[in-house]
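Annotation comment: TrEMBL describes 1-262 as domain 'F-BAR'. The annotation coiled coil is assigned in TrEMBL to 122-201. Annotation comment: TrEMBL describes 350-427 as domain 'REM-1'. If you look up TrEMBL, you'll see 434-534 marked as region 'Disordered'. The compositional bias 'Low complexity' annotation in TrEMBL covers 477-486. Positions annotated as compositional bias 'Polar residues' by TrEMBL: 487-497. What TrEMBL records for 543-605 is domain 'SH3'.
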């Protein structure tokens, strides 16, 4: 099948058909272009969807549960799906749209060239036919004139009245016209031959070649459209494995959801560490009225759970968790106290025991990571300095000195902070064990870590300071909620700060009961069973519980603390109860006060 032989006379129709074919190719290219735009828009909307549903900072804690973690993985897979749609759009743009545009341009140029050649050949044939027609007309005219000249000569020759001159004149005219007719006949025959040859060449060779080129052009266009459709499918199919991986990832994310694990996480997240409250004691009012029974003295008793007994964390609290307001109002609360807006303290002492330990462990992990990072940076600087010292041409070793000093300061600061939070954690673990034995709202119970109040025979205890905390019904123990450093024997000389850590000063909440105040009228304290507590020391001076040696010098900056120099030995008259301060007295002197527990090394007397 060939357009040159089958459609030899359809030049105009072929010209129109090839133009429609190129227009269709452009239309297909526009379809692919619109498809790319849709794929890009879809990918963009998927990415926007993922971005809009990313967890907010305030929701990060909730995303520790398995459905939330799985949802984050699903969003990651959807984001990857968006990337695959972008790949489809990019490949269609690169491999199809670009080729379509190039082919359309080439097809238009080739079609124009072939049609111009065909038009030129058709014009040449038309001109030859017109020349043949003119030669034929000239021959026809000359033939008629030759016939008339012959007829005139014959009539003149038959007419005896005419002179011989007139007859000769007619004969000469006849001869001329006959010659002209013969010349016109030869020209006509020549043009006829040329026209037939050109026409045969035109319809048998020239135009068939033009039509053949147009046919090849159109077939190439059709074949490329077929290839483009197949290639577009291959492009889309090539990302199916990755899309399937994304879908498999979504399935795996869904399989990771574990309801039992989430239940346990809820317990770990909200568990306070307290035990449920015990039974309320029955108060026999008739027995009290008749005087048959003595009322039981209950320390720190509460008769009901009051609204104000709920902390900002939603945990029931009892008087045992109150902060000491200070010995004789010497020490005031500091910046570590809970703010009125419910912000956490530095040592998280406002949280329940379990939550506090969890937060402290997280904080220690963060500090450890920073220490490792800073140590690696310092090691790199040391190596660089060593290289510079070996080869001064590479750089000045002293230029690294400032960075090393800065890195050392950062490491010292981080180690101090790490030590501080380690002390917090140890204290939380110690106090947590005590708190676990006491219900936060059970009447008649108190912390095991609270020592019995030390009194003299008159129910008083002299103190070197005046003033008082009024009617505080607390023992002379550090509050379990104000914890810092707890074990004095764990101190070392990794760093020797010049001043106590911010949360380790006496202002962190040391308190006292009014039994240690002069002129206190509180009755003799009793234990849980109502028995009187024994007297531990006289009213003049507190007995020494042991000796301590100062590891670092300390300057007293707060009222109630005393200074000490490095290596000084002091008497311990009251142990650290969890707030990071130990009460000491100078040897051979009556001056006493508080010093940081982390600054001393303690040796207790064996009273057995």
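Each residue's number is its place along the chain shown, starting with 1.
Each residue, glycine too, has its Cβ placed from N, Cα and C.
TrEMBL labels come from automatic prediction, so no person has curated them.
Taken through DSSP, the domain 'REM-1' (350-427) splits into 71 helix, 0 strand, 7 coil. Mean pLDDT, taken over the domain 'F-BAR' (1-262), works out to 90 on the 0 to 100 scale.
The DSSP breakdown of the domain 'SH3' (543-605) into helical (H, G, I), extended (E, B) and coil residues amounts to 3 helix, 30 strand, 30 coil.
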